[in-house]
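Novice: Swiss-Prot lists these features:
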type	residues	note
BINDING	21, 22, 81, 287, 355, 362, 363	N(1)-(5-phospho-beta-D-ribosyl)glycinamide binding site
BINDING	113, 154, 159, 160, 161, 162, 163, 164, 196, 197, 198, 199, 204	ATP binding site
BINDING	268, 280	Mg(2+) binding site
DOMAIN	118-309	domain 'ATP-grasp'
């Protein structure tokens, strides 16, 4: 592997589409290898922009604007970090020889819940929750009746649990609330929602799956808790039998093989008894995987970059650990962070994302903790996160 010098004609260049906290860590890893970094997002001073060589603010669903930047920069690797992107342009650029991570087709299929759910259930026959799609309130009422209450309603495109709610009855007012909530939290164009069967699972995991030039490798399973579809804490390793880990890996391998390309995939799975049930997959680092910054010899971000570049990936768990999200309780531009109490918690680290605008409930940072046991790590991570005061 030959790497050039950033800002010179021989430099190796990556361009991130989406510049949030996950993209920020990818760029930090790239900077360590002397890679030129360009960050793109819909708002200025996004986290990854703060550590990139250059940045652009555009609507990434605007095909002309997106194409103009890609043609201007001519990056070696185009790395989508969010779903709300004009993937038709990515397919076009890939046809002209640009490398899209993992592939333009994978980005298109996984950009919304409909594409990936139909691939998993209807093409690959992978077990999933029962589901229906709806494009109007009337269609949603019929779908809820067919699936049965309780059920989950989500926009087909959203992030961090936005727009997701549980319909607890078949009453019109409950369904109407879910419809309006989904529309308010949706990304992209269109009104379509997915209605999913409510699964009483034993636990849910993220299986970080890396497709590399040397084969597919897996991180130890990551357990996590979500609140309204938004991750609030994760831990690694989650205890599982070897048999169940093998089942999970086989399912992850099946779906990531079809998606193709190299890079890390966040495969979300429900575990119920001896069943593994597919939930979702993202062809990029996963928010629950931030715990790997303290638990593994390579974080998910380093794994992603090394996989993209064709470098060896040797994953080792070095400690039990946990992450706990730091959410804002206020709405403020350019907030400040009092970390005086947080830094007193032993064996913890803070990652403040640097988002320019704090909103109530917005994820502004994460606390990481290592310990001899997952239980101790979870306790310390939460204590550290709760010790951060946003002002």
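If you go along the chain as it appears here, the first residue is 1 and each next one adds 1.
From the backbone N, Cα and C atoms, a Cβ is placed for every residue, glycine too.
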Novice: To the nearest whole angstrom, what is the C-alpha distance linking residue 81 (N(1)-(5-phospho-beta-D-ribosyl)glycinamide binding site) and residue 198 (ATP binding site)?
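Specialist: Between the alpha carbons of residue 81 (N(1)-(5-phospho-beta-D-ribosyl)glycinamide binding site) and residue 198 (ATP binding site) there are 28 Å.
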Novice: Around the C-beta of residue 268 (Mg(2+) binding site), how many further C-beta atoms are within 10 angstroms, looking at every protein chain?
Specialist: 20
Novice: Could you state the whole-number distance in Å separating the C-alpha atoms of residue 280 (Mg(2+) binding site) and residue 159 (ATP binding site)?
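Specialist: Computed Cα spacing between residue 280 (Mg(2+) binding site) and residue 159 (ATP binding site) is 12 Å.
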Novice: Among 21, 81, 196, 280, the binding-site residues in question, whose Cβ has the most other Cβ atoms within 10 Å in this structure?
Specialist: 81
Novice: Report, in whole Å, the straight Cα-to-Cα distance of residue 268 (Mg(2+) binding site) from residue 22 (N(1)-(5-phospho-beta-D-ribosyl)glycinamide binding site).
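Specialist: Cα-Cα distance, residue 22 (N(1)-(5-phospho-beta-D-ribosyl)glycinamide binding site) to residue 268 (Mg(2+) binding site): 17 Å.
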Novice: Could you list the residues of the same chain, at least six apart in sequence, whose Cβ is under 8 A from the Cβ of residue 159 (ATP binding site)?
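Specialist: In sequence order, 82, 83, 187 meet the Cβ cut-off.
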Novice: How many Å lie between the Cα of residue 287 (N(1)-(5-phospho-beta-D-ribosyl)glycinamide binding site) and the Cα of residue 196 (ATP binding site)?
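Specialist: Given the Cα positions, residue 287 (N(1)-(5-phospho-beta-D-ribosyl)glycinamide binding site) is 22 Å from residue 196 (ATP binding site).
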Novice: Starting from residue 268 (Mg(2+) binding site), work out which of the binding-site residues listed here (113, 163, 196, 204, 362) have their Cα within 10 Å, and give them in sequence order.
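Specialist: Checking each Cα against residue 268 (Mg(2+) binding site), the hits are 204.
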